[in-house]
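So that we are looking at the same thing, I have put the structure below in structure tokens.
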Amino acid sequence: MTNERLSPDDGDLYDDEDNLSVPDDVAEAVRTLIRWTGDDPTREGLVDTPKRVARAWREYCQGYAEDPAHHLSRVFEEVGGYDEIVLLKDIPFQSHCEHHMAPITGKAHIAYLPENRVVGISKLARVLHAFARRLQVQERLTAEVADCIWEHLQPRGVAVVIDATHGCMTARGVRTPGVTMTTSRMMGVFRDDPRSRAEVLKLMGY
Ligand SMILES: [Zn+2]
């Protein structure tokens, strides 16, 4: 389980990221953007900004270096007859929208109804982060998390609900702070059986 320690949820990678060398063309791209927005990239406060920005973006997007399904590869088949919903609620996450590269900040609720196989509960959050740490749209993020669990755990049902605010909406454009967007993906019994769907949504607090 050595890769547990190298998981992006820990701080280890971030130290390495601080030393990550930044190619000249990447730094120059950030200087170009600074110049274009109206500031002087050579002034003292901005001299090291291109490197910091470049490294920050590698960190925001470290999901590209991960296979989300890897987190579901270790399953427990001895579930003691447990056949009720498993729910991980209010998982905070950050992503970035692929249209503006602006922050998407929110909470996810991830549930599944196991059929013989369960995973350590933190693994559901790791799957979420592996997809969130990429350039995303909220609808696809929701679907990718649900599909990954559906495919790799083969449960009787999966429900993923995400509430998030979008920096591209709160800080620019229509500038509407506080507005959240909700997306959901229901699969298996949560899609086909209204009572199961109502039960999982109630557990999630809807
Ligand atoms: Zn956007």
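For all residues, glycine too, the Cβ spot is worked out from N, Cα and C.
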Select one of CYS148, CYS168: the residue that TrEMBL places in the Zn(2+) site alongside CYS97, HIS100.
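The candidate from CYS148, CYS168 that TrEMBL ties to Zn(2+) along with CYS97, HIS100 is CYS168.
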Does DSSP give CYS168 (Zn(2+) binding site) helix, strand or coil?
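In the DSSP reduction, CYS168 (Zn(2+) binding site) maps to helix.
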Which one of the binding-site residues (CYS97, CYS168) has its C-beta surrounded by the most other C-beta atoms within 10 angstroms?
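Counting Cβ neighbours within 10 Å, the top one is CYS97.
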Taking the Cβ of HIS100 (Zn(2+) binding site) as the reference point, list residues of the same chain whose Cβ is under 8 angstroms away and which are at least six residues distant in sequence.
GLY167, CYS168, ARG172
Apart from CYS97, HIS100, CYS168, which residues in this chain have a Cβ no more than 8 Å from the mean position of the Cβ atoms of those residues at the Zn(2+) site?
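Same chain, not in CYS97, HIS100, CYS168, Cβ within 8 Å: HIS96, GLU98, HIS99, MET101, ALA102, ILE104, HIS166, GLY167, MET169, ARG172.
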